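K.L.:
There's a structure below that I have some questions on.
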């Protein structure tokens, strides 16, 4: 009489026993089954079966046999369920996960500072260290050391990323960090957060001019508004700076990745531009005489100038990082700082250094403007998602206008030329409002308020020189648009930070690999590539026809000679 076991472990034990011992003929299988049934029917062994079967189950999982039959009744001889060999289903034994819980820690430690990483490795057990070394030797490690330590080419960012700030990974790309969990806060904190400081500090300059300019005196704007915005901008700058310094200390490899990013590298100029903006718009309560010491200008311009030498040198002779390869509208941010530095130099009374930085900034602005206006066919394709960054086009000419007026003390022809260029570019972007729709919010959008604010300040200066109804109305309209944009972004930032808590998602842009992982979709051929391909195809076909004719003639000649 057949009895079905009620314990699920008994069924499981029978299947494992059958799989291991009965690999021969069917007679052996039937005998083994009869023996197992007799053995299970004994009352003396029922108390010990759960413990024995539990051990066999653990042994099965630990050995990764791949076969497991849990909580089922026998329906046929060859009917079995199979477990996959993925490491996650077997307790984190996948080599890419780096041995259980330690693997999850090491996934993020690849972007930590080297000293911290070596200290963590020294605390690991010796056995785990040997296994990690063996994985590296056998090539089974889930992280490519060359992809982490080596610098990523600039073209690789354009090929692997998309989005308004090149911050979204394309579908066919793989990254070095896990995407199914939230990363540490410092690893998610981007350099683009300095755009918040840039927008607030430029607003402090705008409201300072609205309160003190003769063209807007009829508004009776109190200087306290400018003072409050200035204090808010200073507080945000201190908070963002401290946070990013901590990121440099603990996750220096992530900062290094941002430095090589073709868009984010320009935001490394932002902290010094913000400091110069705050020095220019310092409230009268803090500086009654409105005079600044030249040491303030030297402190802010020195790191800016050193970084400028490095970046401009790469643009000139940087090979794969030359300007024609990495040019994008955010490069105007690295150029506009020269004009802001010129304004501050004129405020402290150093006219010649102010003229020097104005000349350097204007020369590079012309090069960047021409490069972006007429892109070379050999340069990297600018993604269509970068359209919002086109607002940076109006930043440099409007800042150049203000710098020239500050140096020479009058709104002369050169200042007006720069202002009219900025005004035309501003109007050309406003009429194409679709360029700025359909993209998700990010903190880097704060940088787009800086160009709107500078052109508003330039319009106020123009209204002082040409006090007409149209110029004053234009100044008020642009100032209103700029302040409205800053207010909307400020409210959106607070909502995303404290209500939705989506202000800092996983920063996928810094986790791309140095080389392509797996197959990549081939991009569409450009027009000049198609023409070149058709020419090659035509010449190859003509050559093949000539060769076939020659081969036919030779074969006929050979046949005739054979017949003779």
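Backbone N, Cα and C atoms are what each Cβ position is placed from, and that goes for glycine too.
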K.L.:
Quick one: which of 296-316, 317-337, 443-463 does TrEMBL have down as transmembrane segment?
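P.N.:
Among 296-316, 317-337, 443-463, the range TrEMBL annotates as transmembrane segment is 443-463.
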K.L.:
If TrEMBL is the reference, give me the range from 125-149, 150-174, 475-499 marked as transmembrane segment.
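P.N.:
Checked against TrEMBL: transmembrane segment maps to 475-499.
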K.L.:
TrEMBL lists transmembrane segment for one of the ranges 414-431, 504-521, 522-539, 540-557; which is that range?
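P.N.:
The listed stretch tagged transmembrane segment in TrEMBL is 414-431.
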K.L.:
Please identify the stretch among 227-252, 264-282, 356-376, 443-463, 475-499 with the greatest number of Cβ pairs below 8 Å relative to the transmembrane segment (388-408).
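P.N.:
Ranked by Cβ pairs under 8 Å, first place goes to 443-463.
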K.L.:
Counting CB pairs under 8 Å, which listed stretch among 264-282, 356-376, 475-499 touches the transmembrane segment (227-252) the most?
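P.N.:
Against the transmembrane segment (227-252), the leading stretch is 264-282.
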K.L.:
Hey, which bits of the same chain come close to the transmembrane segment (475-499), Cβ under 8 Å, at least six residues off its ends?
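P.N.:
Contacts with the transmembrane segment (475-499): 196, 199-200, 203, 206, 210, 215-216, 219, 426, 441, 443, 445-446, 448-449, 452-453, 455-456, 459-460, 462-463.
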K.L.:
Any contact between the transmembrane segment (185-207) and the transmembrane segment (443-463), i.e. 3 or more CB pairs below 8 Å with pairs at least 6 residues apart?
P.N.:
yes
